[in-house]
Every structure is written in C-alpha cells, then in structure tokens.
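Q: According to TrEMBL:
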type	residues	note
TRANSMEM	12-29	transmembrane segment
TRANSMEM	336-352	transmembrane segment
TRANSMEM	359-379	transmembrane segment
TRANSMEM	425-446	transmembrane segment
TRANSMEM	458-480	transmembrane segment
TRANSMEM	534-552	transmembrane segment
TRANSMEM	857-879	transmembrane segment
TRANSMEM	912-938	transmembrane segment
TRANSMEM	959-981	transmembrane segment
TRANSMEM	993-1016	transmembrane segment
Amino acid sequence: MILSDLSIKRPIFATVMMLALVTLGIFSYKRLAVEMFPNVEFPLISVVTTFPGASPETVEREISKRIEESVNQIAGVKHVFSTSREGVSTVMVQFQLEQKVNDCAQEVRAKIGSIRGNLPQGIEEPIIQKLDFNAAPVAALAVQSDTLSARELTTLVDKKIKKRFESVAGVGKVEMVGGQKREITVDLDPVKLDSLGLGVNDVVSGIRSENTNTPLGRLTRGTAEYPMRIDGKPDNAGDYRLMPVAQRGGRPITLGEIAQVNDGVEEKRKLALVNGRPAIGLDIYKQSGGNEVELVDTVKNVMQKVQKELPPGVSLSMVRDGTIMTRDSLADVEETLLIGGILTILIVFCFINSWRSTVITGVTLPISVISAFIIMNAMGMTLNVMTLMALSLAIGMLIDDAIVVRENIVRHLEMGKDHMEASRFGTAEIGLAVFATSMSIIAVFIPVAFMKGIVGRFFYQFGISVAFAVLVSLFVSFTLDPMLSSRWSDPSIHLHGKRKGLARWLELFNDWFDLTSDKYRGAIGWALDHRKTVMLAAMAAFVGGIVIFGTLESSFMAPEDKGEFQVAFKTAPDASMAETEGRLQAILAGIKDIPEIDHTYATIGAGDSGTVRDGLVYLKLKERKERKRNQFELQRVVRERFQRIAGITLSIEEVGQIGGAQKPLNVNLKGDDLQVLKQLGQRLKEELYKVPGIVDLAVTLEHDIPEYRLRVDREKALSAGVTTNDIVGTLSRLVGGEAISTYEDEDGDAVDVRVRLPEALRRNPGQVADLKVSLPDSGGATKLVPLASLVTTRVATSPTEINRRDLARQVTVSANLDKLPIGTAVKHVEAAAKRINMPPGYSVNLSGEAEDMAESFGYMGESLLLAVIFVFLILAAQFESFFEPFAIMLSLPLSIVGMAGMLKITGDTVNIMSLIGLIMLMGLVTKNAILLVDYAKVLQKRDGMARRDAVIMAGRTRLRPIVMTTLAMIFGMMPLFFGIGAGGEGRAPMARAVVGGLLTSTLLTLLVVPVMYTYMDDLGGWLKRKWRGEHANR
C-alpha cells in the first residue's frame, strides 16, 4: 500500500505527521469550552401582549387567537401554543429544528406587524423575543444576615452585591428573589378625600406636578451660559407629608392631611429561605452560548472578594451550583476513557505477549483520541458528555485496526520474514479488509450525526467525533504501525518456550488459544457439512432475540441519580402570600429529619411568571457515599410526606433537564368548550390515578379562581359622565396600588412612590363600593360620583388561564412516573382515553417526553436503515459482488439476540442510548465477518485453494484477531457498562447493548458466516453459469 510503503521508507516523515496531529490536538483541546450537553439552539419565539384589565376569555378572543392564526401561516412552524391569563397573552411559536432562530423571529415580527391594526385598542406593544429552551440559572447565591433588617439587607443586595455579579463577564442576568425594596407608600383616607371633595386622580396629579425636576431654559451672563432647572423633589422622604396636592377653600391641601405617608418597604410578593432561614436569593443566568463551568468558577472567585467587603453579620453562600453534575459527569467520562484504554491495551498484551508489540499497537489510542479534538475545535464543538462518551465508546474501535495490522505483521514474522518484508506484506495483505471495516464504522456514525429532531442535534457531535477518530486510527494503522514494526525489532517473537514469570503464563495462554483455534477448524468443517442445521439454529436465535426485544419496555432516557431534585408546588387559586408561606414552612418541617439532604433552598414567586401561589423547594443531597438511599428512593419519601399537606398541588422535578423542568407524561385534550374539556380532564385524571407508577397528577383548569366582578351600568355611567376607563383607573390605583412617581435617595437611585388604600380597607371587598370616582365638572372643580351608583357587584369564578395548542383549546393532564417507563405509561393513557368516551370534536394527543420519544425513535429508525444500506454498499464495492455482502451482513440480525438478552438481564429499557448502541452494532459486528470472508477470498484467488479449505483456513487464521478486537471493544466499554459515577445510569444502556450484541454476534458469526458465504458463493456461481448459458444459446 502507498501509505505504508511511504512510511516504512521515510520513518521521520511518518513520525512528523503523528507529532503534528498530536500538537494540533493538544492546542485544540485547550480551546474547547466545557458544558454538560452540546449547545443546541431551539427555534422558539414568544409574543407577549399586555391588555390591562381584560379577562382570560377576552384576551383569548381578541389577542391570542388572532396572533395564532397569523403566525401559523409561516413556513416551518411545528407548533403554536398560547396561554391567556388576566391581562396577558403569551403566544409561543415552535419551529422545526432546521429553521434559523433569527429568521424565525424576523418572520414572526413581520406577521405581528401586519395584524397590529386588528388588535384591540388599549393593549401595550407586543414584545417579541427568542426564548432559550434551556434557560436556567447556572448558580444560585444566598445572602443572609442576623443584624440587618429586611429593607437594609435588600438595599445592600440590590445596590452592591447584585451589581457586582451583573458585571461579571459571561453573566446574562441576575435575578433577585426575596427581600423587600424600599418604597414610599401613600395610604389614602377615603373619608378625608370625600370631606375635601378630592378624588384619587387629583392626588396623583398633585404629586406628579410637585415631585418634579424640570429644565427651565438657559441664562446668559457675559460669555457664560447657565442652564436653569427647578428641583421640586423632596430632600427626604418625610417631606412628602408637606407636599401640596390640591387647593380647597383658598388654601393648599398637603398630602399628610389626606393620607398616611410611610417610608417603608414594598408589599411582600417573593420569598427565599435557605435551610428554613430568611435569605435573599440571586439566580445567576449565563449568556447564550457561554461556558457555564468557567462562569461559575469566576462567580466563586468574585464571591470571595465580595464576602470580604460585606458588613459584619452578613454572609454570602452558593446554595446551588448547576455545574456540579457537569463536572462530575465529565470527570467520570474522562476516567472511563482512561480505564477503558488501559483495559484495551491489557487485552492486546495478553494475546501478543510482547510489550513492544503492545506499545506499537497501543500508540494508536492516544493519537486518535487527541486528534479528535482537532475536528471538535474546527467545527465549533465543545467538551461535553456526548463528545467524551463518544471517545469512551470508541476506545475499542480505535485500536482495532492497529490490532489487526500488527497481528498480521507478527504472523508473517513468525513465518520467517524479516521486519521490513513482514511489515510491507502484512499490511498490504490485510489493508483492504481493514479499510472496509473502518469505512463500515464511519458509514454507521455519519447517519447518526445527521439525524433529524432533538436526538439528531444532541448526537451530531457524538457521530462526528467517533467518525473522525476512527479515520485517524485507520491512518495511524497504515503509517505509524508499519513504520514502527519495520524499524523496532521485537526479539520476543522468537523466544517461544524461553520466557519467565508473567510472560511464561501468557505464553501458556496463547498455546491454549492455538489449540482452541485448531479445534475451531473442526467446528467450521462440521458447520459446512451441516449447513441447513446451522442456518436453522441461526434463524431460531434471531426469532428468539426478536421475541425478547418485544418484551422490553421503552423510555426516552434512563433516569440518572444527579444528587439533587426540586419540589414545585402550588397553593389554592385564592391563596395569599401568607397562606403559601405557611404551606412552605410545613413542607420544610416535613423533610428536616431526612439525613441524606445536605441543604434546602426554597422560594416563592421566583421566575418571570412566578406568583404568590408558586413555591419551589430545591434539595441538594449529600454525596453518594454518604447516603444510604438513592435519589429516586428519596423522591418517593418526599412525595409521601408532602401528600399529607392539605391545600397544595405538588410535582417532583428533575434539575437541569434538557428543555427545562416539566413532567414526562403530558396528555392534551383538545376541543372547543372549556367546561367539557374540564370534565374530560378530571375523568382522565381519575382513570390514571388507578395506574401504579403514575404520580403527581395535575390538570390545567382544575381550579377556577374566585373573583369580585363589577359590572358597569352604562346608562347610569353615561348620565353621570363616567367612563369605564375612569372606574378602572380609580380602582387600579386604590385597590391594586400604583407607582406614580419616584423619590431620589441619597445614592441617586429611584425609590417608587406608591398610592393605594390602607391595608385594612384593601382586605374588605365590601368597602370597594363605597369608593368614589372623581372627574372634573363643567366649572373646573372635582365631581365625586359614588361607585355604588354605577356598578353592581357579584362573586364569580373564572379560569386562571386558557391554554391553546395548534389553534384549538386544550386541557393538559400531566404526571410524573415512579418506576414506570414512559412507553408503558402511554399504553395506559391510550386505554384510559378509550374508557372516558370522548365526544365528537374532541381528541387526545401526547406531548413532552412521549412525543419526543416517538419522534426520536422514528429518526433513529431512519438512521439504522441508512447505516445498513451504507454498510452494504461498502461491502459490495470491496468484494465486487452484490451477493457476498449478504454473507457478512447476516451478522447484523444476529447481534440483536445478544443486545435484547443483555438489556433483559440488566433490566434496561429500549431508549435513546440503547438504540444508538444498536446502530453502532451495525458497523462493529461486520468487522469480524469482513476479516474472515476477505481472507478466504484471498486464499482462493492468490493460493488457488479450494473453497472449503480456504474457509476453514481463513477461520483458523483470523480467529485470533477476531477475538482480540472483540474483547478489546468489550473491555474498552466495561467502565460504561457498569454505569458507575455521575450520570453513569444514563450512559450504561448504550454500552450494555453493544457488549451483548458483540458477544452473540461474534460467537454466531464464527459458524454462521462461513456457511452463509458458501451459500452466496453457490448462488453467485449458479447465476454466472445461467448467464453464460443464455448467452451461449444466443
């Protein structure tokens, strides 16, 4: 071969090429960013439109539906979701993954612009933005103090600590959770307002006109020019009481006469607790595409500096580090990579029994692995679990070519050839077969890299990394290995019977293996004499494998013990902050005696959409070696304890899920009537409650929110000259409270000035009707109109939100799963859906993990088919035959026997990882068959050997490299096989599927492939004779 001959002749040239690859690989490695998973961009666009005062039904009808119908026309849209809440419409447009997110955002913006005139007046401008599907804090900090008040601590955090972290490079945003900011509250006295003939609008106008800082122009003095400004803002908060807001009876009315002015804090709407103690949380978000590990390291360094600057009694701690799992998983995969490499090299040493030959063979591993970093850096990849797992799984494959080449060279040395001749002839003889085996593996991983859907995005880097590493290993096997074999003589090859110690034991092992190889020659002969029996046995094994495969349960991914989880809970729709806080304290009290919990971080109202009803408890567990129970057992304990707490709906959630935290089982009921959907949802929930393993069931629209509805009598309002907007303005300020101005504190920061009713009046809905609406009369004075004369009041219920998907209303029944695979849960859902008798016009569909699983399995099926086709085409090109490849490809279905059996034994499901293992097998199991069939054909053509003798001799000669490469691949995957370490449970099914498939495929291939080869040879000969006979007759 050209490459091997050139390397043998020019050893320095071959060495320089290897050094260049290693050097580039090391420099590329240093430039790679580190993250848990590949950075996948999901094209998801949100449109948020605010319509103050509108009910969910109005928001849905006037805004959400119109936007949905507009954006649904855009090419590439996969799903359109909308949520209509009181005063807010949120429409999310999910595009196919192949779409560019910036182009999607532009098209959505254009569509919204085209219908802007059809949206109702009074709405705020729609906000269109790209959403990060994986947006989650990379870290959470907590600030606590035993010496500062809530207001003082909040001011310290807001003005100093928060800003320090916002300025850190790579930080996208810092969200403060808990604490109470300073606020000037103006609690108006309705009785005093009435006695003076003042309305709330008069007070607001008065405050705004007095609390001003306005430029007046410029004064010129000589050659100088001075700006003039009036500064009407109070110097201190107490001066607000002296601020005139109106004129009555020829005298000014001060704010202190009609209101209680307090320099206090804002209303408590968020809360953070660390181990049950009050704290202020700081959630750190990274910029899109940022390196989360580097960012958290930087945040930790900044924390040390900030802590030194804090007042005595104030502590700053990190309560959640989102990179722990990333670091642990990467460290575990790196360790797996190292252990796998060592085990692989030990296998080589056992069979070759020569440290020099082992070094010549083993040097392929570090060069191939390090060189893989070149393509990763060049293609913008990162160092993540997928890329490192790819290299871990490929350890055995990367050394295969070198094993086969070196073994063949050693065989020729033992035949008496010198090192130069043995290196040339040995490499050339096996070269085409080695090339075909490597191309078969590459042909399998390229379709994996280019699968569609979510699974394709995450396995893109996986497939490319393996394909490039295998290509480099092939290059090294054809260059460096022959060169070293030709120059670095190995005297141990000729020391048979003269070794000592370990070498002597290994020599005895190899003698035993040679005897076994001789017996294998007889086994092949028996198989060739009983071809039908062998084929029937193979068919029976395959059918058995299919039967076992059919009994396996399916899931999207295997669960992993991450050492952390969180409990999300909701209180009743009418629950106050105090009510939710009480439930939170009950939750914390219920888990404080669990010894495996390291610490807790609890919040209320966190996140952009968090309300006083939304609570979250993050539980960080101790290290695995320090706890007796795993994460899943602890989740069951926590769930059982929380279910005893009345008034909450809870959900156990995984932390750091791809696509954010959501339940795995989501069943959507679609239709038009909300009441019918609500009833169907409850019935389906009741049916699913009966299924063991389906837990944390919840239904959207399960609880309506009670509300006080004021209906305007338009005839009376018209005669009084009052508009609905006047009523809304008055009540929103008095009941809801409105920040109407700002006060500039001593640091120059703005403090809100909020007008509202006193808390006692805001608690009493009956007193709302006693309020008065103010409006100017014809004489310019203020006219007060009693609200009770304009409206009627009643208590009613309203849906908290209305959800839609793909232009139809829907109710979603969601649930977590406990020891129940998603595939089995889906079957129960389908059966339950049939029992509830859906009325015409209503339908059921699945979303979330079930939808992702079905879609991903379909794409993986396509990838599997492409892999088989590509392998066949490569084999057909190598053997120049369309029949003989079938003899080799018979090993493909035989691998299913071991794969299914191994998954059954280990209790694994058919999931993404195990299916990737199946696809890998399509390339791996053909290697052994190629080596056997290729050498049989060489013996027939080159040495004129009879077919039977050639097949038997090929089996005897190639048994050693076949067993060596198979064991190298198996032992290289052993660390992954046992699933030890962080995240090992999720990666183990892939290795188990491959190991099981390799074991049975290799054992069956050794007998079945020789038989199938003779059948295909007979078929090819018959067709040739028939073809020649037909032409002869012509």
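The backbone N, Cα and C atoms fix where each Cβ goes, and this holds for glycine too.
Quick caveat, the model's predicted, so the values are computed rather than measured.
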Q: Before we move on, state whether the transmembrane segment (425-446) and the transmembrane segment (912-938) share at least 3 Cβ pairs under 8 Å, counting only pairs 6 or more apart in sequence.
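A: These two stretches do touch.
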Q: Residue list, the transmembrane segment (336-352) vs rest of chain: Cβ under 8 Å, 6 or more residues beyond ends.
A: 358, 361-362, 365-366, 369, 388, 391-392, 395-396, 399, 403, 406-407, 410, 506, 509-510, 513, 960, 963-964, 967-968, 971-976, 981
Q: Assess whether the transmembrane segment (12-29) lies in contact with the transmembrane segment (534-552), where contact requires at least three Cβ pairs under 8 Å among residues 6 or more apart in sequence.
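A: As far as Cβ distances go (cut-off 8 Å, pairs 6 or more apart), the transmembrane segment (12-29) and the transmembrane segment (534-552) do not touch.
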Q: If I count Cβ-Cβ pairs under 8 A between the transmembrane segment (993-1016) and each of 359-379, 534-552, 857-879, which range comes out on top?
A: 534-552
Q: Can you name the far-off residues of the same chain, 6+ from the ends of the transmembrane segment (857-879), with a Cβ under 8 Å from a Cβ of it?
A: 432-433, 435-436, 439-440, 443-444, 446-448, 451-453, 455-456, 554, 885, 888-889, 892, 912, 915-916, 918-919, 922-923, 926, 930, 933-934, 937
Q: Which residues of the chain, 6 or more past the ends of the transmembrane segment (534-552), have a CB below 8 A from one of its CBs?
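A: Residues 527, 890, 893-894, 896-901, 903-904, 908-910, 1000, 1004, 1007-1008, 1011-1012, 1015.
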